[in-house]
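Working notes for the structure below.
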Amino acid sequence: MPPGASSDPCSDGAARLTSLVLPPLQLVRPPLHLHYPRSIGMSILCGVPLLECVYCIGCVRWAWKRCLHNAAHDSQEWGLATPQEFEPVPRLCRYIMAVYEDDLSRPLWEPPGGYGIDPDCVILKRSYKDICVA
């Protein structure tokens with residue numbers, strides 16, 4: 001063994017490792033006025049993906065319900081209609097059809113039973129070109 005050498009095999013390697021150890025790092029905190037706004041911005045930015053996720057889940061839920069819903073679902077719970085509920089329908093249809101007649105006293109397309117309108121009560125019927133002043 002050379003002079004000054006230790007019989008411990010790890011002592012030589014340990015000496016080399018201690019020479020490679022770096023001095024401890026000194027962490028320097030920035031002043032509070034520089035650090036505080038950045039932390040607020042960071043906390044806000046960390047919440048944005050969460051909001052995006054909630055928004056996307058809401059949109060997907062809406063689209064899923066929208067695509068699965070059709071008009072058949074609206075009337076599933078309805079009961080049968082009574083004749084009293086249908087009574088105004090033919091009358092309204094006759095009134096709408098009467099609008100297209102030029103002369104109600106001599107109708108061209110009168111439905112069976114007539115329009116149910118007294119032609120004497122209709123004062124005057126004019127088209128746009130009749131009232132347009134040029």
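Glycine residues also receive a Cβ, built from the backbone N, Cα and C atoms like all the rest.
Record features (TrEMBL):
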DOMAIN    50-116  domain 'Mono-/di-acylglycerol lipase N-terminal'
TRANSMEM  40-64  transmembrane segment
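Across the range of the domain 'Mono-/di-acylglycerol lipase N-terminal' (50-116), the DSSP-based residue counts are 39 helix, 0 strand, 28 coil. Confidence for the domain 'Mono-/di-acylglycerol lipase N-terminal' (50-116), expressed as mean pLDDT, is 83.
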